[in-house]
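First the structure, in the form of structure tokens, and then the observations on it.
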2 protein chains.
Amino acid sequence: MVQKFNEHIVKSLPFLKEKKLLVACSGGLDSVVLTHLCAASKFDFAIAHCNFSLRGAESEGDETFVADLASQLGVECFVKQFNTEQEAKTKRLSVQMAARELRYQWFDELLTSKGYDYVLTAHHADDSLETFLINLSRGTGIQGLSGIPKMNGNIVRPLLSFSREEILEFATLEGKEWREDSSNASIKYLRNKIRHQIVPIVKELNPTFLQNFQHTQHFLRQTSDLAHNYLEELKSKLFRQRDGAVAIPIAELQQLNPLDAYIYGLLHSYGFTEWNDVKDLLTAESGKQVFSKTHRLLKNRDFLILAEIIPEIKGTYNLHLDKTSDGLPIKIQLEEVESFEKQTQNVVFLDMEKLIFPLVLRNWEKGDYFYPFGMQGKKKLSKFFKDEKMDLISKEKQWLLCSGDKIVWIVGKRADERFKVEESTRKIVKISWLK
Amino acid sequence: MVQKFNEHIVKSLPFLKEKKLLVACSGGLDSVVLTHLCAASKFDFAIAHCNFSLRGAESEGDETFVADLASQLGVECFVKQFNTEQEAKTKRLSVQMAARELRYQWFDELLTSKGYDYVLTAHHADDSLETFLINLSRGTGIQGLSGIPKMNGNIVRPLLSFSREEILEFATLEGKEWREDSSNASIKYLRNKIRHQIVPIVKELNPTFLQNFQHTQHFLRQTSDLAHNYLEELKSKLFRQRDGAVAIPIAELQQLNPLDAYIYGLLHSYGFTEWNDVKDLLTAESGKQVFSKTHRLLKNRDFLILAEIIPEIKGTYNLHLDKTSDGLPIKIQLEEVESFEKQTQNVVFLDMEKLIFPLVLRNWEKGDYFYPFGMQGKKKLSKFFKDEKMDLISKEKQWLLCSGDKIVWIVGKRADERFKVEESTRKIVKISWLK
């Protein structure tokens, strides 16, 4: 196996010879064999061992075993102990996910602080096949079947084209020792069933099953990359940024065929799952919505509006003259000024003596009306919103600046006629929305 | 199962109720159950049975069984006998592929001639899972894992969401009879190993394994469709038709990332398999080529030239005045004319008395030279081709019209100075290349 390993390195990962490497070693069969192979190939490497403190004395034994292995091989050994269960609780993760996060985070720190180039892990072809079958049993997409690549950033997996049998045979023939993980049998029921009952028969189907499987996963990753790039290109064409939300033109969406595939591809990363409802939105009345846990999708005339669900910030807030707008949901500044400039969308000038302080910032309510600046008479806000072609999400996000129960400014949109600066005005207040 | 079948039809294939259907029935378990379900659902259907004449008396027995089933249900029955082995030999196909072709060809004929709308086949979820595992064992891409859709043109598969167990249970409980195919055990070794040894344990991994698997295949088909559309869009941008070949700009190709995935995606349908060689072409010298069985890919300056490999038509051909160009590789017309018009790329006028008939049409040879029209002195053809920036494929396809051992016309490109019409010319010949 040493020879095959060397040939594989020369052919596929030749740069490793020149680099400073960290070998992730748990003390188990796979990573111990990887460590010995790196030593046999005279790589410039150190060992990194995570003690997740999950199996008491057994964990301590693993740590000692790996430290001994390192000194036996004459290489440096970094060890870190983690309180994995605590971390899992704090971050509300499964113990396995927490261990994974801690592990890769620590590796990153080591790479940076100690000047190593790559972390080597001992994933092999059987690991990939088992994961493939686990995901298949649960239902998955191309990602779940594509497996992990030989290289991903600074993580390298030089055993990915080797089988578990080869690794075991090497360790046995060469008399290498390793630590058995007692949790293997208990925790990982599904993986073990696959490993012991399914994989052996599946491999009998074809003498080169594992090699063929690697090619399959390689092709799937390629297709997955293409589809990903395509969807990103499509998003940059179809998704138009608008007021912190995304507007998607329905007519263009409907030209895509097969529509289902595009809708899923473009929107699944926003957490939607009710695809029939999403599809129905295309032809629904304006105002219809579909929600995911993180996003909402609103039909608004010729567009679908995709917006993140932001925790409610509704409420009423007081605004004082010359005070900073700390604690307000948006930045509004009030200041008395001498002269009057041209109003813009975000800056209005009003007659200060007509206002009752503190002013109040609030969202709109049913029945709201105001006297649009430059017009005669009053107008319902609902009518104003409609004329402005505002969608539901924009309406919900709209702030109103009020004096008592009167609307002074539809923030960023229109001031009220009643508070405008006139010839008789003695004090002018400048109100700015600082985006 | 009748109820579940009806619910499935209402939900997923409601239009079937209104249509004239042909149910493909071999006499085996699956298609017999499909036939009974169609009868129970009161579909408007007839039965179509193919007798492939592959199992002697057993095949005859199947035919009788299906005819009896039809008359028992009171529906029409179409039967056709095929000489499958002969067909396989003639078309150099496997017996299975030949049977498949004959079957679908006949169904198409029936649909058209008898006015049926759809053919129903009895593929079920286990068939898809078995095919998935067979392809996986051989190594495959997303196509090989995506399975067949519920509808494809006028073929509908209403049992695709049912398991083999459900189908068997229905037939057993309802006392329906069917014919066992004795070839199942012998021919289909791989499928049977998968069916009997692997699928049962795989299904134990998850109580909803088959349902999840159908969702997985649905997602894979979607991704596959997207990738396909993407590559077609890319081809229409990158593939430029040029002289019956395709020119692909290398600079644009090299901007694609991951390059491997794009090269494979864009070129695999042309039969290439040596992907490292193809990739090396991008940076190779002009003139390097990679061949597939059907196509060649040539590096030519800033382009890859993709061309079909066309059987050799090299040789020398005689051209007589006023004769049709039958038997020539290209259409060349010679005619004596009174007056002289402007020459074009495809039409030249020469001094007839300077020519030796019959003229000769041939490909270029090393050492060829001519006297370019409008220039002084002679020029090697290799130099002329170079100045014209012609690639290897164009050079190979170039025809020369000769008078004795002298080149008269580089067809479609340049005439020879020695044969031009002069003041002293008494007879003019017009030579046209009719594309």
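Count begins at 1; order follows the chain as displayed.
Note that Cβ sites are derived from N, Cα and C of the backbone, with glycine treated the same way.
In the three-state DSSP reading, A:ASP30 (ATP binding site) counts as helix. In the structure as shown, the Cβ atom of A:ASP30 (ATP binding site) sits within 10 Å of 22 other Cβ atoms. TrEMBL lists A:SER26, A:GLY27, A:GLY28, A:LEU29, A:ASP30, A:SER31 with the feature ATP binding site.
Secondary structure of the domain 'Lysidine-tRNA(Ile) synthetase C-terminal' (A:359-433) per DSSP, as helix, strand and coil residue counts: 16 helix, 30 strand, 29 coil. Per TrEMBL, domain 'Lysidine-tRNA(Ile) synthetase C-terminal' is recorded for A:359-433.
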Cβ neighbour count (10 Å, all chains) around A:SER26 (ATP binding site) is 22
Check the domain 'Lysidine-tRNA(Ile) synthetase C-terminal' (A:359-433) for me and report the mean pLDDT.
90
Any further residue of that chain within 8 Å (Cβ to the Cβ centroid of A:SER26, A:GLY27, A:GLY28, A:LEU29, A:ASP30, A:SER31) of the recorded ATP site:
A:CYS25, A:VAL32, A:VAL33, A:ALA122, A:TRP178, A:ARG179, A:ASP181
Once the chains shown are all counted, how many other Cβ atoms turn up within 10 Å of the Cβ of A:GLY28 (ATP binding site)?
17
If you count, for each of the binding-site residues A:GLY27, A:LEU29, A:SER31, the other Cβ atoms lying within 10 Å of its Cβ, which residue has the minimum?
A:LEU29
